[in-house]
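Data first, discussion second: the structure below is written as structure tokens.
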């Protein structure tokens, strides 16, 4: 009986983990990857933190321009820069 209970708990936890909704960053990153796979050039590929929030510094791979974003919303903060030492604090 205990083994069945443990098995059911493990199954429930596994299903719950897969059912977790993607964050805004994860959704944008996934959509960008789909566009890249279709051959679309110049797609912004978002970088996400482990917790699903946006990395503060986002860089456009094809242009080399970077900008800071709000980690929760992904909205740009400030101007774009091509400076390699560009930091978002």
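The chain as shown is numbered from 1 upward.
Each residue, glycine too, has its Cβ placed from N, Cα and C.
Feature annotation from TrEMBL assigns signal peptide to 1-21. The domain 'Thyroglobulin type-1' annotation in TrEMBL covers 22-88. What TrEMBL lists as disulfide bond is 59-66, 68-88.
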Most Cβ neighbours inside 10 Å, all chains, among the disulfide-bonded residues 59, 66, 68, 88: 68
Collapsed DSSP category at residue 59 (disulfide bond): strand
DSSP three-state assignment (helix, strand or coil) for residue 68 (disulfide bond): strand
